[in-house]
Amino acid sequence: MKLSLLNDLRQQNPIVFNISNFVTVQDVANGINAIGASPIMSEEVAEADEMVQLAQAVCLNLGAFTEPQIKHIKVTGQLANKYHKPLVIDPVAVGAVAYRAKVAEDLLTAFQPDVIRGNAGEIAALAGVDWQAKGIDAGSGSGNLVSIAQSCAIKRRCTVILSGPTDVITDGKRTVQVLNGTPLFQTHVGSGDMLSSIVAAFCAVDPDYFEAAQTACLVFAGIGQRVAQSDPQMGSGTFIIKLMDALQQTTVAQLEELAAYD
């Protein structure tokens, strides 16, 4: 686990180009900025080529989209491949809505992501495993989450992050489970979206996307855990404010003290 990548990220200040979910766009931009990268958001396909060239990484979020936005996402993903920019996709609710599943399949045929990040229901859907997803939430299902994540990574030929109380990160050969975190993440809509874009920021500073992904997950989960432990009575509103502060202020040494992974 290369926690020193957090220092590299802060020193290099990579630009992350996002096509974001309008529900969470401000939290995502602020989270990227707080961790030490620079966010760019755009909804205009005409500027996609220049934006992708300018960026050091790209993150595509399928949380809330229209037909024109699907075109924008497709073009941007193809440009990221063309210009060899690390590409992260967040397939929100693909396990719950058939239309979203079809859109995701079409997009994943059009371009190749380097990292896919989703909850159990979303990753199971992309792996072709039955699961009872519940909207943007993971829902319930049976099956070994590590095996599901590995199956998805092999099928999609990329690193996969299956987010949950324990995060599973795998490229189909290497696998790690991050044990840090807090239930408060589940109380804030946008926590997963923030993580996806922060993963992209880490991919911008390490070409080993499995390493970048596992480190990003531990950093995000560890910081959230530190925030939650600072006040056992903390609610979701206070949590997100303090999380933003901690994304900016937490050091590698502080994370090393609590890092828990297998």
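Any Cβ shown, glycine's included, is placed from N, Cα and C.
Curation plays no part in TrEMBL annotations; they are all automatic predictions.
These come from TrEMBL:
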| type | residues | note |
| --- | --- | --- |
| BINDING | M41, G190 | substrate binding site |
| BINDING | R117, S163 | ATP binding site |
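Feature annotations (TrEMBL) mapped to structure.
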| residue | record | Cβ within 10 Å |
| --- | --- | --- |
| M41 | substrate binding site | 17 |
| R117 | ATP binding site | 31 |
| S163 | ATP binding site | 27 |
| G190 | substrate binding site | 21 |
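Geometry remark: M41 (substrate binding site) versus R117 (ATP binding site), CA distance 19 Å.
Cα spacing between R117 (ATP binding site) and G190 (substrate binding site): 13 Å, rounded to the nearest whole number. If you take the Cα of G190 (substrate binding site) and the Cα of S163 (ATP binding site), they are about 13 angstrom apart, rounded to a whole number.
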